[in-house]
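Asks: Below is the structure I would like to discuss, written out as structure tokens.
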Amino acid sequence: MKTALKTSNPVRLVTDCLVIAVAAKNKFSAEAKEIDIASGKRLARVLENGDFDGSLGTSLMLQGLEGVKAKRVLLVGCGDKAKLSLKEARKLLVSIAKSLLSSQAKDAHLALASLALAGADHYWLAERLAQELEDASYSYSTTKSTKAKASALKSISLAAPKGTSKAKIDTAFANGVATGRGINCAKELGNLPGNICTPTYLAQQAIDLAKGNRTLTVKVLSEKQMARLGMGSLLSVSAGSSQEAQLIVMEYKGAKVKPKADRPAPHMLVGKGITFDTGGISLKAGAAMDEMKFDMCGAASVIGTMAAVVEMALPIDIVAIVAAAENMPSGKATKPGDVVTSMSGLTIEILNTDAEGRLVLCDALTYGERYKPASVIDVATLTGAAVATFGSHVSAMLSNDDALAAELSDCGSASLDQVWQLPLHDEYQHLLDSNFADIANIGGPRAGTITAACFLSRFTKKFKWAHLDIAGSAWNSGAAKGATGRPVSLLLEYLRRKAA
Ligand code: BES
Ligand code: MN
Ligand code: ZN
């Protein structure tokens, strides 16, 4: 997708599709007014007929208006507020993206100045438009015989207010595209079935990403290497599977440091990569078990984020770790009551083999200690309780550092990929007491998201850490079943602020 800045008169603009914002109650922007007059009041008539009323997120594609050079005019409703909130702006941009992509228009033009935002500028708008265009252009077809057709749209031009920097618009657009691609990468990995997207497949994706990239190196630890490191917890999860677990370590060195100067401490991402979660010997019920192929969406979001980080060439150091394994029952599988020793030395009584996410994450977190990270964020589809609490709109967040939690909360609002904090209070810790080990892997039926985070907190004492439970936000069920690519845009917002 190419971008350009254009400021010519909308009536005379040669384009396949001119996008015109129309407020509810027939309020025309300057552009809309010009188009209306040139076309002999066509817009006014459309509104009179009631086919389109300008309410937020609605749109109407008009073909060939008399007196207007553009082949099509896309009316998009921007509601009745003087200024749009970021969420409203997203709704509008998603609607624009869907209309443009489903048309045959090869290029389009949008006047940024015709949209007033509360709390963001037109650079944000340009970036978000690019992100939504990329995001909306994804559809899953890898394991279907008929492949999705690429959309016709090749370029988009923007009219911007005086004083707008062409370079900054280009960067904004490129960043939006990179974010969208990162999201789509996460969606694709999430959507792939468990028989294709195995731990080894995830490792290969990371290796491929590093190819030809001097800033990114990937190493993959085999089960043998993990056993040597004492990762008895992680290995207990893959014990029942014929698929080998993989610890995927991606080291991104983007920080610009003077020769001989020390590199800054890296920020760290850790993803849960259970490529299929049957529950193991504590077998899950059959209904909707297919959706447990999405149990690697934390890992997918970490890989998707790294893909975007590489594309944006962010000037910081980041280490991303993916703990990939398949949770299966078999004669070799871990049994309830088994006690394993984690890499940290803590022994764990596995009371429920379905609480496997924390078992792979704890060893990955301990492994991460060697990098002395400045901050650690783990991302995991960890508990059904997070779905019960939050549904799909926000991800649960728990942290051992209030400043980090506040930062992530802020990043969630800015990226429209929101999180909500739950308490990690000491009072919950005793629920993990075990008669036979240092700690049990479940904390009973209540406060499941919190006790899962309490478990992880035993392994994160050496750094500032936040845990994102994305069990509700990572994928949609029902007719629109599919991965969402969350929380890639949240993670990118966080990392970009660290790089600024
Ligand atoms: N992957 C699941 C969590 C999950 C369940 C995510 C449903 C999305 C939808 C996780 O491994 C799991 O099974 N958690 C158990 C923990 C319990 C045994 C303490 C759960 O939440 O039921
Ligand atoms: Mn499970
Ligand atoms: Zn799981």
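For all residues, glycine too, the Cβ spot is worked out from N, Cα and C.
According to TrEMBL, the protein has these features:
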| type | residues | note |
| --- | --- | --- |
| BINDING | Lys272, Asp277, Asp295, Glu356 | Mn(2+) 2 binding site |
| BINDING | Asp277, Asp354, Glu356 | Mn(2+) 1 binding site |
| ACT_SITE | Lys284 | active site |
| DOMAIN | 352-359 | domain 'Cytosol aminopeptidase' |
| ACT_SITE | Arg358 | active site |
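I'd like to know what surrounds each of these features in this structure.
Replies: The Cβ of Asp295 (Mn(2+) 2 binding site) lies under 8 Å from the Cβ of Lys272, Ile274, Thr275, Phe276, Asp277, Asn327, Gly357, Thr381, each of these being in the same chain and 6 or more residues away along the sequence.
Annotation for Asp354 (Mn(2+) 1 binding site): same-chain Cβ neighbours under 8 Å, separated by at least 6 residues, are Asp277, Gly279, Gly280, Ser282, Leu283, Lys284, Asn327. According to its DSSP assignment, Asp354 (Mn(2+) 1 binding site) is coil.
Neighbour density for Lys284 (active site): within 10 A of its CB lie 15 other CB atoms from the protein chains shown. DSSP assigns Lys284 (active site) to coil, not to a helix or a strand.
When Cβ-Cβ distances below 8 Å are used as the criterion, the domain 'Cytosol aminopeptidase' (352-359) is approached by residues 233-234, 236-237, 272, 274, 277, 279-284, 295, 325, 327, 329, 333-336, 340, 380-382, 441-442, 452, 455-456 of the same chain, each at least six residues removed from its ends.
Taking Cβ-Cβ distances under 8 Å and a sequence gap of 6 or more within the same chain, the neighbours of Arg358 (active site) are Leu382, Asn441, Ala452, Phe455, Leu456.
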Asks: Tell me, how many other CB atoms lie within 10 A of the CB of Asp277 (Mn(2+) 2 binding site), whichever protein chain they belong to?
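Replies: A 10 Å sphere around the Cβ of Asp277 (Mn(2+) 2 binding site) contains 26 other Cβ atoms.
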Asks: List the residues of the same chain that sit at least 6 positions away from Glu356 (Mn(2+) 2 binding site) in sequence and have their Cβ under 8 Å from its Cβ, in sequence order, or write 'none'.
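Replies: Looking at Cβ-Cβ distances below 8 Å from Glu356 (Mn(2+) 2 binding site), excluding near sequence neighbours, one finds Val237, Ile274, Asp277, Gly280, Ala325, Asn327.
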Asks: Within 8 Å of the Cβ centroid of the Mn(2+) 2 site residues Lys272, Asp277, Asp295, Glu356, which other residues of the same chain have their Cβ?
Replies: Val237, Gly273, Ile274, Met292, Met296, Ala325, Asn327, Gly357, Val360, Ala380, Thr381, Leu382
Asks: List the recorded positions Lys272, Asp277, Lys284, Asp354, Arg358 whose Cβ sits under 6 Å from any atom of ligand 3, in sequence order.
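Replies: Near the molecule: Asp277.
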Asks: Taking DSSP as the reference, which of helix, strand or coil describes Asp277 (Mn(2+) 2 binding site)?
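Replies: Strand, per DSSP.
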Asks: Determine, for the Mn(2+) 1 site, the additional residues of the same chain whose CB lies within 8 Å of the mean position of the CB atoms of Asp277, Asp354, Glu356; present them in sequence order.
Replies: Val237, Ile274, Thr278, Gly279, Gly280, Ser282, Lys284, Met292, Asp295, Asn327, Thr353, Ala355, Gly357
